[in-house]
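Q: Sharing a structure here in structure tokens format.
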Amino acid sequence: MLYQRLMQWSATNSCCSSGRGGVNCKSVVPRLLLLLMLLLLLSGHIESVDGHKVTATLITNHNYPVEEHTVNTPDDYILTIYRIPTSPKLHPQLSNETTQKPVVFLQHGILCASDDWIINGPETSLAYMFADAGYDVWLGNARGNTYSRQHKHIHPDTSDFWKFSWHEIGVYDLAAMLDYALSASNASSLHFVAHSQGTTTFFVLMSSLPWYNEKVRSVHLLAPIAYMRNHSFILSKLGGIFLGSPSFLSWILGSMELLPITSLQKLMCEHVCSEGSMFKFLCSGLLDFIGGWGTRHLNQTLLTDVCATHPAGASTSQIIHYLQLYTSGDFRQYDHGREQNEIIYQQATPPSYNVKNINSCVHMYYSDNDYMSAVEDVEYLASLLPCAELYRIPYSDWNHYDFLWSINVKEVINNRIIDKMERYDIEHATGMSF
């Protein structure tokens, strides 16, 4: 796919002959070819693992009922989402699947999937805890990940399939999944929980299609990401230099599949991240490098399961879009370059998302040691929202993935969320349907 895009660009772009945009093609192209060859060697010819889906299996193994549902988006992507309608721990009368229950929807982050909410086990994972508390639980999957790698007309081996960012995930995928869950549950509104990119898609949807605010009850966003002015991840700083603005390189590397689950990854999980492996520190070290060094909270026993389900695939344009936010300092739509922006947006620069359209009261949970979601950025975002409540984690070493897989996530995060949801339902019970 990289080779095809490079040849397409070479056939249609005249920068080498005309010097358009100040590009010195004689120096750029050899380096670019070297980079593309490296990427091809690392990922292009590694066999993808089809059907490596564990959400339903894990839920069933823990004796919880599970339903698999298919959601079609307006632009014809086919998404797989899961439902835990009840819990085996509930009283028989309360566990009746026909009983009307409050609904909660959980949305994962980038390169992740519905597995995020269950691999910590039935006593600690948020999805199971919601089911035990009497909620009708839905787990979303964004286009391009392990569970949603389908389209009605486009094959995922073509670049056309990957022409999306988290903007499309917000206005198409998230909207379609919420509508489907509400319809299937016969509910008018639901509680919403998200992590990382899942929070970004929430901001996108509620800013762009503000009538969706009426469909959510309480909102709980873990490690929220919108503004990235104080983002501290070293690869973002480097990537922002090359991909943070529209360029030849961002055009070549955009709209490609990024880090799907592969046979090589499966082999690594079995021999590197498994219990007793002398190289296990590499797995936890990778999470530390991405999410924040020095955490004492990560549940090390989960590393094999995390490795087996992550990364779950995405489009390179999702990463590039984040790098654009970092470079611009704004929370705005994808920058296609001035010429395309004029066609798509009728203006030279991408429009900013109007977060003041978000009239749902948003609970945001953030931490000091999160490389992806900086304290200053979260607090600035909160200052722009009509209603926001902040909870800063009382541990200086709590990182981006501790919100999901820490040994004490139940006490620090999950119990707090469930308590707020239950309080909301009690306070808004009169004359309201779930």
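For all residues, glycine too, the Cβ spot is worked out from N, Cα and C.
What you are looking at is a predicted structure, and each value in this text was computed from that prediction instead of being measured.
According to TrEMBL, the protein has these features:
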ACT_SITE  Ser196  active site, nucleophile
ACT_SITE  Asp370  active site, charge relay system
ACT_SITE  His400  active site, charge relay system
DOMAIN    56-121  domain 'Partial AB-hydrolase lipase'
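On this model, are these features tucked inside or out on the surface, and what's nearby?
A: Counting every protein chain shown, the Cβ of Ser196 (active site, nucleophile) has 27 other Cβ atoms within 10 Å.
If you draw a 10 Å sphere around the CB of Asp370 (active site, charge relay system), it holds 28 other CB atoms from the protein chains shown.
In sequence order, Ser196, Ala223, Ile290, Gly291, Gly292, Asp370, Tyr371, Met372, Ser373 are the residues near His400 (active site, charge relay system), counting only same-chain partners six or more apart with C-beta under 8 A.
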Q: Taking all residues of the domain 'Partial AB-hydrolase lipase' (56-121) together, what is their mean pLDDT?
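A: The average pLDDT of the model in the domain 'Partial AB-hydrolase lipase' (56-121) works out to 92.
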Q: Just to be sure I understand, if DSSP states are collapsed into helix, strand and coil, how many residues of the domain 'Partial AB-hydrolase lipase' (56-121) fall in each?
A: 14 helix, 19 strand, 33 coil
